[in-house]
Structure formats: C-alpha cells, structure tokens
Amino acid sequence: MTPVLATALAILIGAAIAYILGFDPFVAYGALLTGAFGNTMAISSTLAGAVPLALAGLGVSVAFRAGLFNIGAEGQYWIGVIAAVWFGYHLTGWPGWLHTLVCVVAAAVAGGLWGGLIPGLAKAYRGAHEVITTMMMSYIAIYFGQYLIAAGGPMHAPGYNAQSYPIRQDAWLTVLVPPQLTTAVFFALGTAVAVWWVMFHTTVGFRLRTVGANARAARYAGILVPAYTVLALGLSGLLAGLAGGVQVLALDHRLMWGFNTGYGYTAIVVALLARNHPFGVLLAAVFFSALSTGGQNMQMVSQLPSSLTDVLTGLIVFFVAAERMVPLAIAWYRRRRGVRVQVAAAGEGGREA
Amino acid sequence: MSSFLEVVDVHKYFPGVKANDGVNLDVRAGEVHAVLGENGAGKSTLMKLISGLYQPDAGEIRLEGRPVRFGSPRNAIRAGIGMVHQHFMLIPALTVADNIVLGDEPGGIRYKRRTAAAQVRALSQKYRLEVDPLARVEQLSVGLQQRVEILKVLYRRARLLILDEPTAVLTPQEAEELFQVLRHLKAQGTPVLFISHKLDEVRAVADRITVMRAGRTVATVPAADASPQELANLMVGREVVLRVNKPPRTPGDVVLSVRNLSVTDAERRLRVRDVSFEVRAGEILGIAGVDGNGQTELADAIAGLLPASGGQVAFLSQDITRLPPGERTRRGIAYVPQDRQRDGLVLDFTLVENAMLRDVSHPPFSRRGILQHRPARAYTERLLEAFDVRPRDPDRHAGDLSGGNQQKMILAREVSRDPSLLIAVQPTRGLDVGAIEGIHRQLLRLREAGKAILLVSLELDEILSLSDRIAVMHHGQVVDIVPAETATREQIGLLMTGTRVGESEVAQPSNR
C-alpha cells in the first residue's frame, strides 16, 4: 500500500510545483503519459529502458533482503558492460546464440565477482562496511571503463570518439518492437521469476532472508553468516552485471564515453519502491523508465523542464523512506486534538491537591 | 477506608480482542493493591486506561469519588496518577536530578540546576529513596534507575503510584529494597497499584490482591488470606500444579562432558574459567548463579555460538569443540537461548518459517534445496497443537505472539527434533504461572524420555525443584556441584557468592 501512496503523494506534489511555476499540470502530466505510453514507439522505449532498471533493481533488492546495502550497482553494471563487450568483439566464428550467451554469462560473472567477492569478503571477514566498499569499487569500475576506451586504451577503437570496437552483430539481441524493445525484456522477466523462486522457494533464499531479518538468529540457526554475506553481495553484483551485459547487447553494442546512464543508482530507488519484491521491481522499473522517456516529451510539449521527473523521484524516495512517519504523524495529530478538547473537561478533575 | 481510585465495569475493545471486558477495581487510600494476572489477561490495557493512554469504551473511572475522563497521559499526571513503566524512560547522559525534573524544571527556561538537585535531595529523603542527585543515570544500577523513575513521578506530585511489573528487571535483593520503599510510601499515605504475574511477590508486598483473567477481574482478596495455590487457580482458571512432581530416575550414560572449558566473549573478556562437568542421559543439571557469572557464555560455547578458548566439549563421546553450531544441531543438541526475541526467533517471519529455522535443509521442510511449503505448514500446525501455542495460526508472525507463546514456540521446535541434549537458558523468564507450569512439564517429560538437560536459570526455586544436580557458578567458575535432594537455598545462595562450605574450601584448587 505504502509504495502506491508514496507515488500518488509525489505525483500530487509534483502537480502543485508545476502549477506554482505557472504550467498546467494536466497538460504536463498528459504529455508525460503520452510520451511514455502514447504509441508503440513510446512503449517500446519505455519497456526497453525498464530492462536494465529491473535487472539491476533485482540485484539491489537481493542484497537488501539479506540486510546488505549494495550501492555499487552502477559499477557492477559497468563491469558487466566491459566484460560483454570484450567477449562481444574478441570471439569470432561462434554461433550467434552461443556468442550472446557467453557475453551475458561473462557480464554476470564479472559483476558478481566485482560486487560479491571483494566487498563481500571484506565485509564477512574484516567487517568493512559494504556501503563504503561497493561505492569505492563502483568508482574504480567507472574510471577503469573510461581508461579502457580513452585514446590509447586497450579497448579503444581507432577514431575520434572515445569508444570501443563494436560487438559482433551475430551476438546482438533481436529487436522485437522498433526502435528499442529487444529480447532483453525476456531476460528481465525470466530473472524476476528466478529471483522470486530462489528467494521464496529454496533453502538458500530462506537463509539469505534469515540473515537479513535477524543475523543473530541466523547464527543460532546454524547458518554461516559470512558465507551468506558473500553470496548475497555476489548475487547482487551478478544481477547488476547482467543488467549491463544485456543492455549493451541490446542497444549500444559498444562501450562508449558518456553512456553512463545512472541505471545502477536508479536501481536502488526501484528496489526501495518495490519493497524488494521481485515482481514489484518489474513494476517499479517500468514506472521509473516511463518517467524518463515521458519526461522528454513533457518538456517538448509543455515546456516544463524534464527535471521535474527527478523531483518526483526524490519525493517518492522521501515518502517511501518516511513510511513509518505517516502513522506517527496521524497519532500525534490525534493526541494534540485530544488534549485541546479534553483539557477543560478533565484537567481540573484532580487539581486541588 | 475511602476509595482513592475506582474502576467500575470498564470495557475496552480492540479489533477482534476484548482487552478489558468488565473490569472492577478499587484502590483505597493508604494501601498497596496488586493486580495479578497472566500475560495477556488485560493488565497492561487496564493500566493504560488508568494512566490516560487509552479511553474506556464503556464504564467509568473515578478518582476520589468523582468520575474522570483523561484525554491524555498528561491529564492523568495532572490528576495525580504516577505511572512507572516497565521500560525506563531516562536519559543516560544526564544526572539523576536533571532526569527527574525534566519537563518541569525549576526556573523554566533559566534552569536552576542547584535548586533541582536540592529539591530532588529533599524528595529522596522524604520518601527514603536514597540516590545521589548528581550521579549520572548511566552509572546507576537497574535498581537505582527504577528509584529515579519513582522519584520522577513523585516529583510531579503523584498521589497514586502505579508500577508495571517492577521486579522483572531487578535482582532479589533489589526487589526486596523496592518492597521496603513501597511499604514506606504506603505509611505516608500514598496508595500503590502494583502489577505483577508473580505470586510470591504479590503476597509479600500487597494488602489486597485483584486477580484478572481473560480481560475480566475475577476476584479481590486480602493478601493475608490468599494461599498461592488459590491465587494460581484464580489466575489460570483451573487447578494448577505448583509443586513439581519429579519421579526418581537413575541417570544413564554421559551425554555431555565438558573439560576445563574456558570461554572469552566478543569483547575478549574471559567469562568462563576452567569449567568441568558432565550431564548424563535422563538427568537435569541445573546451573545456578547470579546473572552475569558466565552461565550464558557457557551455554553459548556448548551450542557453538562462542568459541572455546581452552578445554574440550565432548558430546556422545565425540569431541565437538571445533564444530560449527549447525553441525552440533544436526548431531542432536537443542538450544533454547536466553534472548528469545533476538536469538531464538525471527520476529518478522511466520511461525512456519520459524519452525524451519534450524532444520531448513531437511525434510519435511525441504527436499534437494527446495522448500516444501505444504508439509512444512502441516508440521508447524501439529507443533502448535501439541505445544498449545496460541494463536494456532502458522501464518502469524512470531512478533505477534506473547512472550509465553514465543517461548513455547521455541521449545516446541527444539524439543520436537528429538535431541539427545537440551540446553535451556532461563526458559521461563518473564512468563506467567500457567506457561511456566507447561514448560516445566516439558522439561521433566524430556528427562523421563532419557534426554540430558542443562538448565541455566536465575530462579533458585526453579533450579531446586527441577534439577537432579546443581552446579553453582561464580565469576566464571563452577564453585561446586551438589545433589539437589540435599541442597538448601542457603547452601546454594552461599555458593553463589563464591564461598564453599567446610572442607571443600581447600579441595580441588584447579577449579578456583
């Protein structure tokens, strides 16, 4: 209930802001909606943009479920892209489907090692906080990627632009609905089902959730908490890396300067809004992708800057995080009113002491 | 004697629950009045009604004959109702005086610290609640912190003192001191309303006792006339067995053997020093001692949650000193940990998930790594039925259960896995008579079934009535192990202070 309420509140406040700035909120939101879902092209773009958000969001949510805060999904995404691209143009003469598979697996494994092995081991055996380590690893990954494609870098393709060689076309994902929607969408759906199944129907998932819900009880239950910490961060990084691999195979087909879209950061918001439920992640990913694609149309039609969508995102985060504040505020209000009404009635009841 | 506070036929409903369903109570000026009832009988709801946190749905509360309706706790305080909560609401970094006057400071915004200290000193002398007004609260023992709480309400001119389960956090000595304070308050004319589920202390301190059961007040009796048996029956609503019937039993083979075990805690302090003992099949070994003398660490080390820094733990003749906790569980060690909410259960999980917590990788909970929801549910339902855990709904979260039912749930899980050894640390802490009876029966049933049981408890009576032998711990060491048949409270009490009787004082220097 709360996620829906938080979103509704954010949209309402966004409308108020638009109105105060002198825009018609109905026109603006109408343009946002048509921009995101108005025609097949719009839907295609929105769903395509939702795929990396969903995959990386699933990754963040798995860590959350185990009580860990993976904020380095952005870097794991990059590492996934790098791995997929490397295998994408180095391998030749493989059947297309196998080549794709190799790239995807490479991306996932690379992301898993980056997010899981190093921060996970550091957390499990040295107590280094994962918020710090995943963030640091994230920056390393981003700058490493930029080094690779800079002039003179090992993956730099000859030419003026800072970009890598393209992935061989046989490994590209097939476009289903032009311009952007590819078979990548099946990766997102399949992974969501897989994550749901693992988390709620296997002993491994049960143990991960136990570690997240109560680490002391997990130890008492005989769960090797350090091992599951590594596993949780590993799975989390694996999914974020998969997001990068799938996205680059679907759309950009190469590592490019400035392709850094911030999917890994938005993924945190996606997981938050979805309350870490795999199917909720799918919905939240479509929602945030729609904000982004629709936002551009909104700016064109109503002149309202598309950065309003960033305001909406911020408000949603605020309201979801403030979930416990709402009942508190209501209780406080009731008490205040109670005091005012009843002070006169009962206050003097025992005052004569 | 005139009534100070009357509660007349009060009802309070919550969705699906009749928390108070016809409550009558009158507290007379100058008496200590106890409200006795099991957990969940509606005592806390009643207290919240009296202290203004809730408003009654029906019925009336009268103060000195005049009906009152408190809209908020503030109004109740103004009317002279002083509530001392079970959980203290003090600021550790502030002094005693600061805490007491907080919210009603002398001098208002220009806080007069010296006046406050003087006022608090005068107050503490008047009521003989001795405490240093300038000491910081964080440096005080729990018993003294409770005094500060009492002074806090007296400072606000409370004319009725309400104490909610005040002895739950106190040592026996501190509890006795509290009773002295209450008697003194009574002598000064301040009535006291005392909430408890412990029969003995209610009889020790109260003039009259009102018993609650299932949201109703069932009887009010003078404390002098009430026998423990009578009170227990009123509380539970049926005949309760207070004394444990323990048939004699010859112990079997050694199940657990602890040799020269030393344990350091997470802060690297040595908590268990060179401890040796054995527990045999069909035997209950009780571990007595004042809280914090290494009993919990000993239990944790045997269960594998703390590493041994020296010595050996053998289970069924095999060395398990280095085995991880999960492996020990598999070999047949069951463990009821001291802190049921932090260690024993995952409060956000359903009862089914809590039932599978320790055995998730085995049938009926899973097959080849895949959870078997339906068999797990059926198993949990049987567990709830057999151990009378309420509510009997496997989909409820463990956090929704009362303390007694949480404990039953843990015991159900641990016992039903058919262990060879059960370690139970304070299994009846905070529970009411009915629940304690049930847990004691389970422990004796296990003993009867030939299991070895290690019982750690701070309740001397529990240790004395259940154990076959009693090991007394002091300062991390086992001072002595005595047979329970011949042991007396005095003897155990003396051992708990580290003093051994007679010639055993010089014997076995390795244990000292």
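Each residue, glycine too, has its Cβ placed from N, Cα and C.
TrEMBL lists A:42-63, A:75-91, A:97-119, A:131-151, A:171-199, A:220-243, A:255-274, A:281-299, A:311-333 with the feature transmembrane segment.
When Cβ-Cβ distances under 8 Å to the transmembrane segment (A:42-63) are tallied for each of A:97-119, A:131-151, A:255-274, A:281-299, the top count falls to A:281-299. Beyond the ends of the transmembrane segment (A:220-243), by six or more residues, the same chain brings 51-56, 58-60, 62-63, 65-66, 68, 70, 72-74, 76-77, 79-80, 83, 104, 107-117, 119-121, 123-125, 130, 134, 187, 191, 195, 204, 207-208, 210-212, 263-264, 267 to within a C-beta distance below 8 angstroms of the stretch. When each of the listed stretches A:75-91, A:131-151, A:171-199, A:255-274, A:281-299 is scored by C-beta pairs under 8 angstroms to the transmembrane segment (A:97-119), A:75-91 comes out highest. Listed as Cβ neighbours of the transmembrane segment (A:131-151) (distance under 8 Å, sequence separation of 6 or more from its ends, same chain) are residues 69-76, 78-79, 81-82, 114-115, 118-119, 122-123, 157, 162-164, 233, 255-257, 260, 264.
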